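Below is one structure; the comments refer to it alone.
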Amino acid sequence: MQIDAQNDALRQAGPEDIQDRGLRLYNTLTRAKDDFRPIDPANVRMYACGPTVYDDAHIGNARPIIVFDTLFRVLRQLYGAAAVTYVRNITDVDDKINARAAERGVTIRDLTEVTARRFHADIRALGVLMPDQVNVEGEPPRFIEPRATEHIVEMRDLIGRLIARDIAYVAEDHVLFSVAAMGRKAGMPRYGALANRTLDEMLAGARVEVAPYKRDPMDFVLWKPSKENEPGWPSPGGIAVPGRPGWHIECSAMSWKHLIQGFAGRIACDPAEANVFDIHAGGIDLVFPHHEDEIAQSCCALDAPRMANYWLHNGFLQVEGQKMSKSLGNFVTIRDLLTSGKFGGPWAGPVIRWAMLETHYRQPIDWTEKRLARAQTELETIAGAIGALQGRFFGGCDITLRRWIADLDQAPPAPFLGFLMDDLNTPGAIGWVRGLIGRMASDLEAAGQVIRALSFLGLVSRQTPLALAAPLGCGQFSPETGMFGFSMSRIWRTAHVNGDARLLESTREELARKKIAIETDANGLVSFRSEADDDPALARVNALVAARADARARKDWAEADRIRDELAAMGAVVKDTKDGGVSIEWVAGQ
């Protein structure tokens, strides 16, 4: 295989440990599970297509974010945190963005800023690694989140190269890529190879009206003129009117800037192999035309035989057996799951993550309430086991338990990692964890392995105590928040079901010390009432609610949304009532 031949040659001149380390990934390009051999093990590079920030991300958008976050973790474990660079873009210039901004009567920048901020809050709740958690001050960034509007120069550079090589042409203030010209250029990959389709098959499946200025129906837009009130920049190719980029050129430019230019690549493209990176990832719906067009642009502009060596794609997601659609009433966002009663929620972030990883990333996933309820039950079972472990081995002392957790091996257990090395077999990895849950309460070794595994998957943080009663005793959690992001009512219910009288009493005592009263009605429903008049967290919430009301009075909707997002990050969901007031709901998961 050509990829193997290239890497064999690089191995002879590079570090000895360039040999693969056992990771195997299904490569859409080869339609096989390939051994992963990075071009340079000291500089492993991955790009994943990120969100278009015109509205809150839906649960289907969450799947690639979680899946490729898991791959990022595996690569960092195998090659070292300083040796892996991950780029996940944000598309902030797009037709959908323009339409939504006009619909809401806000500026495009205000819309994209607020939506991006909400996206970050949502995925952080899902345990996804973020740039501020990965990057180290004074060192090159290893997690980069570029925005399309910050890379217009690179887009124009690539388009200019394609025009100069007669691969792209100008027509009616557009710049278009010529698929036929690519086919005539020596050394280029076949257009359609990634999708495994012929030109005729792709043309038949397109079902779009062909613009009259196209030379060929398969040609696609690199640059287009901006309409009135749309964002625009000076156009390439001698076009006099301002314009904006097509969707596909954005990812080519951002991957080139952050994975090639900053390392081996040069605009002179000599040698051509320097303009290839390791992994490109995204949803299966992006294979054609988006990823196919990315390959065409990048290879022709940079004289590269490939854009990336390994192409990974996650499968589709449906909801309760049907395609997710607003018309069917089953459209659900990440934020819906985290903060509302929609779809049986609210659900804690780790519950959503666990439910997502139960299915192999390449398989279709049916998103159901039963799936989430099952994930919640399993995590609560683990929580109860760790609570029992604290009482049995640590005398009920959460500080001693936390020290033991901190001293655990930072690496994931070898059998667990072995499943992930086999094309991210997360169902197998979770199954391995399940096999240990029953032993956790009486076996420190088993408990330690479960904690190490769940920490690696992003389901728990070692920086927070895992014992059920520990959060309140240490003052590290708010009264409404417990382990795994569950509400205290769920902790109380778990303790009650398990008949843990000690935990029930200690939880009540710790709450009382913080002037929080537990109230249980005749049906066993639990509520919490603060008896403190000087709670600083509550004072902060009240101040933010007042500031938001002031912003709304000024019709400063962007500021009001920003404050609402800040409150949501604190666990306080603000809802505007019909009479003009507000209600505050405390929730878990953020």
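The backbone N, Cα and C atoms fix where each Cβ goes, and this holds for glycine too.
According to TrEMBL, the Zn(2+) binding site annotation covers CYS49, CYS251, HIS290, GLU294. According to its DSSP assignment, CYS49 (Zn(2+) binding site) is coil. Contacts of CYS49 (Zn(2+) binding site) defined by a Cβ separation under 8 A and a same-chain sequence distance of 6+ are given as PRO64, ARG88, ASN89, CYS251, ALA281, GLY282, GLY283, LEU286, HIS290, in order along the sequence.
Look at TrEMBL and you will find LYS326 tagged as ATP binding site. Under DSSP, LYS326 (ATP binding site) is assigned to a helix (H, G or I) in the three-state scheme. Other C-beta atoms found within 10 angstroms of the C-beta of LYS326 (ATP binding site) number 8, with every protein chain shown included.
According to TrEMBL, the domain 'tRNA synthetases class I catalytic' annotation covers 36-376.
Positions annotated as domain 'Cysteinyl-tRNA ligase anticodon binding' by TrEMBL: 539-579.
Summarising the annotation, TrEMBL assigns motif ''HIGH' region' to 51-61. Across the motif ''HIGH' region' (51-61), the prediction's mean pLDDT works out to 95.
Residues or ranges marked as motif ''KMSKS' region' in TrEMBL: 323-327.
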Here are some binding-site residues: CYS251, HIS290, GLU294. Which one has the most Cβ atoms within 10 Å of its Cβ?
CYS251
Output field, Zn(2+) shell: CB within 8 Å of site CB centroid, site CYS49, CYS251, HIS290, GLU294 dropped:
TRP247, HIS248, GLU250, SER252, HIS280, GLY282, LEU286, HIS291, ASP293
